[in-house]
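What TrEMBL annotates here:
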TRANSMEM  A:6-24  transmembrane segment
TRANSMEM  A:33-54  transmembrane segment
TRANSMEM  A:79-98  transmembrane segment
DOMAIN    A:129-423  domain 'NADH:quinone oxidoreductase/Mrp antiporter transmembrane'
TRANSMEM  A:163-186  transmembrane segment
TRANSMEM  A:206-232  transmembrane segment
TRANSMEM  A:239-259  transmembrane segment
TRANSMEM  A:279-298  transmembrane segment
TRANSMEM  A:305-325  transmembrane segment
TRANSMEM  A:331-350  transmembrane segment
TRANSMEM  A:371-391  transmembrane segment
TRANSMEM  A:411-436  transmembrane segment
TRANSMEM  A:464-483  transmembrane segment
Amino acid sequence: MMQHLLIAPVVLPALVAPFIIMVLRHHLDLQRIFSVASAVLLAGVTLALAAQAADGTVKVYELGDWPAPFGIVLVLDRLSGMMIVLTSLLALPVLLYAIGSGWDTRGSNFHALFQFQLMGIMGAFLTGDAFNLFVFFEVLLIASYGLMIHSGGTRRFQAGVQYVVFNLLGSTLFLFALGTLYSVTGTLNMADLAVKVSQIPAEDTALLRAGAVMLLLVFAIKAALLPLHFWLPSAYANAPMPVAALFAIMTKVGAYSILRMYTLVFGPEVAATAGLTENWLLPAALLTLIAGAVGVLGSNKIGRLAAFGAIASMGTLLIAVSLFTQTATAAALYYLVHSTLAAALLFLVADLVMERQGGWILPQLPMPQTGLISALFFAAAIALAGMPPLSGFLGKLLVLDATRGSELATWIWAVILTGSLITIIGMARAGSLLFWKGHGLPQQNTDTSAEPPQQNPAARPAQLPFVACFGLLAGLVALTVFAGPATRYAEATAAQLFQPQAYIATVLGEEAK
Amino acid sequence: MELLVASAVGILTAAGIYLILRRRSFPVILGLSLITYAVNVFLFASGRLMTAAPPILNKYEEVAYTDPLPQALVLTAIVISFGMTAVVVMIALGAFLSSRDDRTALPAEPEGAGEDA
C-alpha cells in the first residue's frame, strides 16, 4: 500500500476534479470544502513522500508494473520531493485566498480546474519519462488556459489567446524535440536516455544536439527566459491574480525540467552537448534579469509589476541553474523555493490592491485597510527584490557566492546587483505612489478617473485573504529562520543531481531487483 | 518516400509559421493546426519509415516489423493537439465576440481606466 503513495499526488486531484464537476456542480460550499480538503491531503501526502526521499533513496513507481525502459515510471528523488511539497504548500494559501476573495464565484469550475492544474504540476515533477513529461505539461497547460480566462472579460480573453497560441507552439516544439531524440536514441525514458546518450559516438550527434537545443527552447519558454518571455507579462497581468499566484510555480516547472534533463540526460560530461548551457543559457538569464527589473520600474499597473518581478526572479534563478555546478545548483534550489513564495505573495497583494482601487500605479485616494496592505506589499517587495531580512537576501547571497569560480563572475555580480537595485527602485516607486501619495490628494478631486471598487468588500469574509497572505509570508520567514536546514537539503539535492548513477540504476532496475 | 515525407513536413511547417505570424487570430489558428499536422508526420518518421510491416513482433518467424512506439506517440499527440485547437478556437471566439476585433495584439489600455473584467 505504501508504495502506491507515490502516485497519490497525481491521482488525488485527478479524482477530486471530476467529482467536483459532476457531483458538486451546483454546490459552491461543498466544492470549496472538497477542494481545500484535497489541497490539505495533498500537502500531507507530499510531505510524507518528501520525508521518504530525504534520506537520498530514489523511489520508482512502475505504472502497470511494466519495467522501466518499456513502461512509464514515476520517480521520486530529493528534487521531486522538494518540488511537490513546494507546490502543495503554495496551492493551499492560494486556494484559501481565492475562496476568501470570492474569485471562485466569478466564473464556473474554478475548483475543478485548480485541481487539474495541481495534477499536471505534480505529474510533471514526478514523471521519469520525457513523453509523459509532455503529457503532464499539456494537462497543466490546458487547466491553466481555463484558469487564465476565469471570469472572462475582453482583455483577459485577448491576453488568453496570446498565451494559448504561444504555449501551443511551445508544445509542438516539444514534440519535434522528442521525435528527434527518439529517432537518435530509440527511447524516451529519462534514465534510459541518459545511458543511450552517453554511448552515442561523437560524430553521430548532430541530430542529438538539435534535439537538445529544441528541448532547451521548450523549457525556456516555460521558464520565461528572455527572448521567449513575451507571453508572460500580459498573461499574468490579465489573469485573475490568485491564478497568477499559482502560475508562480509554472515557470518553475520550466526551471525544474532544465535542471532535470541537463543534469541527468545531457549532463556536464556529455561531450555532444557541452557548452550549450554555458554559452546560451547564462547570457539569456542575465538579460532576463535586467528585462524583468526594468519592467518592474516601468510598470503602470500593479499586476504587470508583479509579473515582471516574477521574470526578474526567474532570471536570477536561471543564472544559478545555468552554471551547472553543485554549489550553484544548491543556491538555485534555495532561491527557487523563495522566489515561488515571494512572487505568489506579491500577486496576492496586487489583487488586494486591485480589488480596492483598480491597480493603476498612480496617486489615488487611500484605500480601505491601507496600512495592512501596504505592510504586506512592503514585505513582498523586499522579499522579491532580495533585501534583508527575508530569504531573498540569503538566496541572492548564495547565488553570488556560488558564482565565484565562474569566468563570467564579474558580469553575473554586476547584473544581479544592478538588477536588484533597479527592482528596489521600481518597488519603492510603486509603493510610494500607491500608498503614500494618495494621502495628499483632496478628498473629492482626484486627478485620475479611478473607478470605485466594483466589489463591496464588506460582503465577503475579509479575513481569509489576509490569512492566505500571512501564510505565504510565514513560509518566507520560516525559509529565512530555517535557512541552515534548508540549504543543507538543497546541497544534498544538488549532490544527488550531479551523481545520476544511482537514479539511473534504480529506474532501470539494475540493483533494485 | 523519404523525400515526400520530409518535404511534406517542411512545407507544412513553413506554411504554419507564415500563418502564425499573421495579425488576425483565424490564420494564426490555421497555422497552429498545420504545424501540429507537421509534427504528427514528423513523429512517424522518427521511428524510421517502413511500409507494409506490422507494428508487432512475430514470435514464430523472423519478419520485418515497424516500430510501434511512434504510432502511440502520434495518437497521443493527435488527441492533445485536437483538444488544444478546440480550446484556442473557443478562447479566440470569446475574444472576438466581446471585442468585435480578432487581432491578436493587445490594444493599449488608457491610463487610469478601471478594470474591464
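Glycine residues also receive a Cβ, built from the backbone N, Cα and C atoms like all the rest.
Given the structure is predicted, the values throughout are model-derived calculations rather than measurements.
Where the transmembrane segment (A:411-436) meets the stretches A:206-232, A:239-259, A:279-298, A:305-325, the count of C-beta pairs under 8 angstroms peaks at A:279-298.
Looking at which of A:79-98, A:239-259, A:279-298 has the most CB pairs under 8 Å to the transmembrane segment (A:305-325), the answer is the stretch A:279-298. Sequence-distant contacts of the transmembrane segment (A:331-350) (same chain, six or more residues past either end, CB-CB distance under 8 Å): 79, 82, 86, 90, 93-94, 97, 236, 241-242, 244-246, 248-249, 252, 255, 259, 302-303, 305-306, 309-310, 313-314, 316-317, 320-321, 359, 373, 376-377, 379-381, 383-384, 390-392, 394-396, 398-399, 401-402, 465, 468-469, 472-473, 475-476, 479, 483, 486-487, 490, 493-494. Note on the transmembrane segment (A:206-232): residues 137, 162-163, 166-167, 170, 173-174, 176-178, 180-181, 183-185, 197, 200, 250-255, 257-258, 261-262, 266, 272-273, 276-277, 280-281, 284-285, 287-288, 291, 307, 310-311, 314-315, 318 of its chain, located 6 or more positions outside it, place their CB under 8 angstroms from a CB of the stretch. Sequence-distant neighbours of the transmembrane segment (A:371-391) (same chain, 6+ residues past either end, Cβ-Cβ under 8 Å): 309, 312-313, 316, 334, 338-339, 341-343, 345-346, 349, 352-353, 356, 420, 423-424, 427-428, 430-431, 434-435, 466, 469-470, 473, 476-477, 479-480, 483.
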